[in-house]
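Student: First the structure, then my questions, so here it is.
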Amino acid sequence: MPILILPPQPPQYLFPPEADSDQDDEKVFLDEDGDFVRMASGSAQKRSNVISIVTPGEVVTSDPQWMRGHGTYLLRNKDSSGGGEDPDGEMEGGEDAAGVSGGGASGGSIIATVAGTVQKVNKLLSVKPLRARYAPEIGDLVVGRITEVQSKRWKVDINSTLTAHLLLSSINLPGGILRKRTSTDELQIRTFFSEGDLLVAEVQSLFQDGAASLHTRSLKYGKLRNGYFLKVKAGGIVRSKSHIITLEAANGAGEVDVILGVNGYVWVSKKVTLQAPPGGESITRLEEEASEAIYSNVNEDIAPITRREIARIGNCVRAMVRWNVRVDEEVLNAVYSSALEFDEIGIEDEGSSGGGGAECLEGEMGRRVVQAGMEKVREANLKAGGMIE
Amino acid sequence: MAPIQASQQTSTPLSPVELSYLHTSLTLTPPIRPDSRSPTQFRPLIAESDILPSTNGSARMIWGDGGECIVGVKAEAEKNSAAPGGSKDWIEINVEVSGQRDDDAFLGMTVAESLLVPGSGVLERLVLGERFHWKVFVDILLLTPPLSHPATLLTLTTYLALRNTFLPKSVSEVAEDPVFDDDWGNALPLYPTDKIPPPITLLVVSVGENIFFDPTREELAVGDIILAVSICGKKVVGVRTLEGGNGGVGRAVIKRVIKESCQVAEEVFGSLNSVEEN
């Protein structure tokens, strides 16, 4: 069946976040009117504490004991002579703050500026947005696309509110890492990167306005080749130890690199090793050799089998983000291998196509693959735990 | 064409290496699509009908890449006029793309063209006796334009809404002024399932010898030629090329496009009809 048309599903079931074990028996989902509905799942009916979602402009609290954090602002009341009622109890449950008029001994109320969940750390109150653009931080590994070429810099789209800058002085120039940039380089700036090119870089610093300045001064970074670009939501990939993952692809497809940009841009490509020159030369020599080819716009030969696995890994990443699962080496490996298994056994029952389409991990199929992968991770963890004991 | 196309591609072009990777993958036999779909497979859609109580028929559809579209159909009885427009004026289509100027008639034309192709039988159903006819207003609201071309989304949603349209039963004679049954329970579908259905438009992109249905934005970018194939019932009633292709196409490929479109459309019609039953 080439087309699958589903009715809209009210309970948008996502895997609960693992970290907050005290919240995972409760799910928040959108009902058909687009409202958030809270539902305690299964046996956990006893819990009365709820996840509260606030919308922009909603008063989170008018209790003066809280400090405002990200995603909120403080609105001062006109007449701050409000009575000294007991401010406690206003914040219970975190959501009943509609009673603005009553509280506010110091005459201020904290109002949300984004739609999201309220978070409290000691006395700091912040709202964590449900969906946001990427906010760059120094040291982040990002994948970006050149949008504009200027005389000494490139503008790079990194899925942030502002485009990032990549200065000509912060890339590896061909002909040695220690070379100074010259006016010739400025004139041929488009030979390094031109509009549309993809690159992987690190956030070097932040400007006053929050825009990022990138650098590619490492052999790990630079222009991207030999693969496929995909985009997931910015929060889908969290900062972790390593963002460049190498998977051993199945069916003899060789190794596949996955670059998980913190900004939600992902690059899946065939692993290309730099061949060391035969004479066993120094590392700087290697760098010089490499940098000649660093800005080439030509793919290597990629076998069809590798392309197939690249597509499959891309689907895995997409499905994992779609179903709210942390993307890292361990989980990605597990999900990938369960995707392979699902493809092998084929899908007999409903909900998926026979024939060539079984690899596609959209919709329900993706959910099952991710679930199977998570199951694997859990088993492995249990086993590891057992061994330690 | 294309204010809409252009505005969707405001984002910069793909890099040369991406284009070459995609093009090679898609020309292989069997081709490898970036999301592992088979060439005729669609991304999963979410659809529902009969969502707006104040219309005669309505539908909502959410496309795989996030495009969302709502269509409402309203009808009124109108006297036949001798104007030269003739029966072409019996359907009025209005497309509104949220966040864009509404004086761009292009998308409406795309839908109208496919609805009004001769032989589709859409207009014949609107006749109300000798002197009157239904005038149908199709209001299309594109809440989020899809990343790929919106033609398919619009026509599929319009199809669903038209299929869902019920009009009061006429109780008058052919020569009289129309009088209708008061009971909405007796209302008749404008396009009953057994009659010929309104047409839909599918987007097909050809890369080398291969053809793909429901192309994504990337696939459109490397396509040799992009075709909008209108299908009514079991036959193709129109093929148009859309701007953006960067190559040519042979006759044999076009023949295959037409043949496969018919098969795919049959499945699409089947799935769309099952939406109404839910």
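Any Cβ shown, glycine's included, is placed from N, Cα and C.
Those TrEMBL annotations? Automatic predictions, nothing curated.
Okay, so TrEMBL annotates it like this:
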| type | residues | note |
| --- | --- | --- |
| REGION | A:1-25 | region 'Disordered' |
| COMPBIAS | A:1-14 | compositional bias 'Pro residues' |
| DOMAIN | A:53-74 | domain 'Exosome complex component N-terminal' |
| REGION | A:73-102 | region 'Disordered' |
| COMPBIAS | A:85-95 | compositional bias 'Acidic residues' |
| DOMAIN | A:133-205 | domain 'RRP4 S1' |
| DOMAIN | A:227-272 | domain 'K Homology' |
Student: On the 0 to 100 scale, where does the mean pLDDT of the domain 'RRP4 S1' (A:133-205) fall?
Tutor: 87
Student: Under the DSSP assignment, what numbers of helix, strand and coil residues are found in the domain 'Exosome complex component N-terminal' (A:53-74)?
Tutor: 0 helix, 10 strand, 12 coil
Student: Write out how many residues of the domain 'K Homology' (A:227-272) are helix, how many strand and how many coil, based on DSSP.
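Tutor: Taking each residue of the domain 'K Homology' (A:227-272) in turn, the totals are 3 helix, 22 strand, 21 coil.
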